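Engineer: I grabbed these lines from Swiss-Prot:
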type	residues	note
SIGNAL	1-31	signal peptide
DOMAIN	32-65	domain 'LRRNT'
TOPO_DOM	32-536	topological domain 'Extracellular'
REPEAT	114-135	repeat 'LRR 3'
DOMAIN	252-298	domain 'LRRCT'
DOMAIN	299-386	domain 'Ig-like'
DISULFID	Cys321-Cys370	disulfide bond
DOMAIN	424-520	domain 'Fibronectin type-III'
TOPO_DOM	558-766	topological domain 'Cytoplasmic'
MOD_RES	Ser713	phosphoserine
Amino acid sequence: MAPGPFSSGLLSPPPAALPFLLLLWAGASRGQPCPGRCICQNVAPTLTMLCAKTGLLFVPPAIDRRVVELRLTDNFIAAVRRRDFANMTSLVHLTLSRNTIGQVAAGAFADLRALRALHLDSNRLAEVRGDQLRGLGNLRHLILGNNQIRKVESAAFDAFLSTVEDLDLSYNNLEALPWEAVGQMVNLNTLTLDHNLIDHIAEGTFVQLHKLVRLDMTSNRLHKLPPDGLFLRSQGGGPKPPTPLTVSFGGNPLHCNCELLWLRRLTREDDLETCATPEHLTDRYFWSIPEEEFLCEPPLITRQAGGRALVVEGQAVSLRCRAVGDPEPVVHWVAPDGRLLGNSSRTRVRGDGTLDVTITTLRDSGTFTCIASNAAGEATAPVEVCVVPLPLMAPPPAAPPPLTEPGSSDIATPGRPGANDSATERRLVAAELTSSSVLIRWPAQRPVPGIRMYQVQYNSSADDSLVYRMIPSTSQTFLVNDLAAGRAYDLCVLAVYDDGATALPATRVVGCVQFTTAGDPAPCRPLRAHFLGGTMIIAIGGVIVASVLVFIVLLMIRYKVYGDGDSRRIKGTSRSPPRVSHVCSQTNGSSAQQASAPPAPDRYEALREVAVPAAIEAKAMEAEATSTELEVVLGRSLGGSATSLCLLPSEETSGEESRAVTGPRRSRSGALGPPTSAPPTLALVRGGSPARPRPQQRYSFDGDYGALFQSHSYPRRARRTKRHRSTPHLDGAGGGAAGEDGDLGLGSARARLAFTSTEWMLESTV
């Protein structure tokens, strides 16, 4: 049966009806409405949604969960939330380029198990954490270029290490990468790391990257590239490699030394890499430099610890070792037993080569070796460490004596319950306990031989400070001073001796004791003997000085009083100066001496001249003639020696006249009387015989004063001669001469010489 006209129309619609049918199919296929300003294409078997340049601030929630390709480029999305891509198990291609994404929630892509390409370039990502890319087990292409990434965690790529083929991290701020994770990307074809801050590539990173086709390290901070067989494929040498390799490392500050010699030996024609260092190769093309100029310098150790380090066991010690070279040397340390030291709980090697040993042991005694090595060689330097062992505690003997063997050396022993009853307590005796001191006694330690010294340690109940005292081994007592009053003390005595087993000093406790000082403060003590003696000396000296001062003051007062009286008398007598009219001087009979010129005036004025009336002068002449005989007789008996001088009045003179002639009298108290008018007569009186008259001779007493005393071998004062010689004679002659006038007798009316104030002062002082 031939088909009719309608049957052919149902099977194949005419061309004019095709547009209408497409519109019907598109409308029927809309399970969900397409977001506003987005383009949705449902071309079987894929559903594509394109929302580019639509001004989105976040991922639209009305996206069909069956979408296969989603492009949200050139928008203002700031964050990717956990619910944005939930249940999109069919999504294969996700593009979020050129947004402002700075945050990606943990597990935001966990449901995208079928995702193969993820584009997050040109955003504001600062780091890539390990939980952000979790769940992407089928990821092939990861594009993270042109962000602000400074750090990539080592677990960030764990979900797709075996599947990723293209990794782009260009134009970021990366200083390092998890090179260990990169080395495990065995299917990696393209690795783009240009325009970063990478200065180091771990050696052996590209060993397993056999499928790597392109490596871009342009414009980083690489100084060197580690030697790797990967770069041989770029030369085509040897067997034909499965895939060619393109390596770009221009724009890096390459340090052209022997470490890059392997790279220089490769043949390159179109690369323009230049050298930055050393100075003689700066700005020269890497491939044009001869191989002979790629040189290295062996290490040289410039600073190390002293030849010997002395440390006490248990203390820390630091050993320094620094070296220079090209390339920079790496420093290692070898222990005395040959072990290579590294960072551990007890040792640490710093970046500058210093070795720190935090806790030293006796095994550390020996020579540590510092090894500095680089590509050109190595250098070594020994450092000797001497560990001083601490004193060891000697083990207790097998059978210690019950009361003589010392116990443990623990200052806290007296504080334990029952410690006061132990044998250790009974060995020490605290005697003479006061508020500030105590005397400790202990017996001799015969069971402990070789005692060097004793160590006394004590502390107070009020604080935790422990005081140590070292005393000789010969002492068995110790006086502890400067203790606080009213406090309890724990005191132990230890014996320091030589241990024969270890040849090291050891300590054993001799004994411990507890005591409490008196609570009352120390009373005031009397002054010591030497202080008292000094005080007495000062007191006696003060009394003596005060007495001398009082005596001097009294003497000055007396001198001033009598001096004023003498000056007044001198002023009174100076108005009518007297003169001496009858003066007789008995000398040795030398007329030459009498006729000689008068000497210079003596400072002692013996006599004063008094004006005498004429009647009295006549009587005086008779008395003078009478006394001449007696004077001659006495002159013979004296044998020419000088006799005493006296001034006598005449016998015929009355008592009143006698008082007038004698001049100023001196009372027993030493005061001078007024002068008399009677002329004095110089006579020599002996016994009671009358004096015979003789021719009158006048001598000037002042003129003959020098001749009178020249016969003596020592000077004599006229005043003393007149008082001690003339006065007694005058007294003796007074009885016989008192003739008619009792008052004119020599016994009752003595002629007194007038002395000056100076002579009187000398007499008073004596």
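A Cβ is built for glycine as well, from the same backbone N, Cα and C atoms used for every other residue.
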Engineer: From the DSSP assignment alone, can you count helix, strand and coil residues within the domain 'LRRNT' (32-65)?
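Structural biologist: When I sort the residues of the domain 'LRRNT' (32-65) into the three classes, I find 0 helix, 10 strand, 24 coil.
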Engineer: So which residues does the repeat 'LRR 3' (114-135) touch in its own chain, when a touch means Cβ under 8 Å and the partner is 6 or more beyond its ends?
Structural biologist: 89-102, 104-108, 141-160, 168
Engineer: Looking only at Cys321, Cys370, the disulfide-bonded residues on record, which one has the least crowded Cβ, with the fewest other Cβ atoms within 10 Å?
Structural biologist: Cys370
Engineer: Helix, strand or coil at Cys370 (disulfide bond), per DSSP?
Structural biologist: strand
Engineer: Find the average pLDDT over the domain 'LRRCT' (252-298) in the predicted model and report it.
Structural biologist: 85
Engineer: Counting by DSSP secondary structure, give me helix, strand and coil numbers for the repeat 'LRR 3' (114-135).
Structural biologist: 0 helix, 5 strand, 17 coil
Engineer: DSSP-wise, what's the residue breakdown of the domain 'Ig-like' (299-386) into helix, strand and coil?
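Structural biologist: For the domain 'Ig-like' (299-386), the helix, strand and coil counts are 3 helix, 52 strand, 33 coil.
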